[in-house]
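Quick look at what TrEMBL annotates:
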type	residues	note
ACT_SITE	Asp148	active site, proton donor/acceptor
BINDING	Asn7, Glu384	Mg(2+) binding site
BINDING	Lys14, His208, Leu209, Gly210, Asn211, Gly212, Asp283, Met284, Arg285, Gly331, Ile332, Gly333, Glu334, Asn335	ATP binding site
BINDING	Arg91	substrate binding site
SITE	His180	site 'Transition state stabilizer'
SITE	Arg241	site 'Transition state stabilizer'
Amino acid sequence: MNILVINAGSSSIKYQVINMDDESVIAKGQIERIGIPGSKLTHKPGSGEPFVLETDMPDHVAGMQHLLAALTDEKHGVVKSLDDIHAVGHRVLHGGSKFSASVVIDDAVKQAIEEYIPLGPLHNPANLMGIKACEKVMPGTPQVAVFDTAFHQTMPPKAFMYALPYECYTDLKIRRYGFHGTSHRYVSKRVADFLGVPASALKTVTCHLGNGSSISAVDGGKCVDTSMGLTPLEGVPMGTRSGNLDPAIIQFIMQRTGKSIDEVNNMLNKESGLLGLTGVTSDMRDVTAAANDGNERAQLAIDMLVYAIKKYIGGYAAAMNGLDCLVFTAGIGENMAHIRRRVCADMDFLGIKLDEAKNEHRGGDFVISADDSKVKVVVIETNEELAIARETLDLVK
Ligand code: AMP
């Protein structure tokens, strides 16, 4: 059985076709920089040369069209027709209070995903576009939604509640939901297997650092806290999202600029973070290049991100009364040694000691802490696609 996994993010679509008989990846690829200059599809068939397409992709629909064409292409495709894809598993950002597990998609599920757009304004629309595009070109193929919020359902009330009037929780369902749950679940389990220790014995902080970033505290395999909240806006500064701020800032901006609440919301979600601070880019590779060229605002953006990550690690170590393991994952976490180095600097009081040479390694899963570091610091390639494919298979078989 072949499963197509679609992971549509705010500026990217990652995909894999997985043969679930042996969990082998028969094709994978990604579209980067959707909606920003330099859009690019990189399609890697299981065997054969990678196919790279650099063309303008203004939105996710355009991206999906190029992706499906690549999968069925005579030269670099991997299936004869889309009939050879037996099910599609979609990463879906926000399951609100309706979904604490994955589900087969029907009209009611799509409607619910649409209802939650206010809670996930960057992702739920992209997820829905992916679902609708797939339904259009492969009608009858079962589709499954795997929600980013599910792993965080084990958080205790003291972690998921906000100190608002209680009715905000009971009537409006305002609470911390958390996101990137499929990734946090996967890497926290994988790091335990990698270290040969049962997950139940580890206090772990998982840092998912990508275009969107979140940090979770995982105690004994269960999520006990996470940095994102009601929406993916809370937490550390991200590509275009502000992360934490004083809520009074919103009214202050509105009063001083005359902007509407929607305009301010758009500002916080789409014009802030690395993009807002640097004024030029949301992509950490470009921010790094600018900082290396002496751009002070780019350097400030990096300093702020590193500082915010450090504070979460310290806070979660305190919350769990200890820390055994620190995991870096996703685009920045897996690929950017300079960010990991700076996050781990001056953290010896917590038992974190980096091995500079190991930290420069690239690719796969690897330990980057020194042999005598009390806390194991590990880079784990997140594999949300495999986790989503397994859940999809469970529901459709
Ligand atoms: P993600 O959302 O996980 O795809 O991560 C995207 C972020 O990771 C962007 O800020 C990229 O600049 C950064 N990044 C750094 N190195 C890489 C890489 N080799 N591939 C993809 N993203 C990267």
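Even glycines carry a Cβ here, placed using N, Cα and C.
Annotated pair Asn211 (ATP binding site) and Arg241 (site 'Transition state stabilizer'), C-alpha to C-alpha distance, rounded: 9 Å. With the fewest other C-beta atoms within 10 Å around its C-beta, Arg285 stands out among the recorded positions Lys14, His180, Arg285. Within 10 Å of the Cα of the residue listed as 'active site, proton donor/acceptor', the following recorded positions from the list Arg91, His180, Arg241, Asp283, Arg285, Glu334 place their own Cα: Arg91, His180. Most buried of the recorded positions Asp148, Asp283, judged by other Cβ atoms within 10 Å, is Asp148. If you measure from the Cα atom of Asn7 (Mg(2+) binding site) to that of Ile332 (ATP binding site), you get 17 Å.
Of the listed binding-site residues, namely Glu334, Glu384, the sparsest Cβ surroundings within 10 Å are found at Glu334. For ligand 1, the nearby binding-site residues are Asn211, Asp283, Arg285, Ile332; that is, of Asn211, Asp283, Arg285, Ile332, Glu384, these have a C-beta under 6 Å from one of its atoms. Using CA atoms as reference points, the recorded positions Arg91, His180, Glu384 were checked against Leu209 (ATP binding site), and the closest is His180. Of all the recorded positions in the record (Arg91, His180, Arg241, Glu384), the one with the smallest CA separation from Asp283 (ATP binding site) is Arg241.
Closest to Glu384 (Mg(2+) binding site) by Cα-Cα distance, out of the recorded positions His180, Arg241, Arg285, Ile332, Glu334, is His180.
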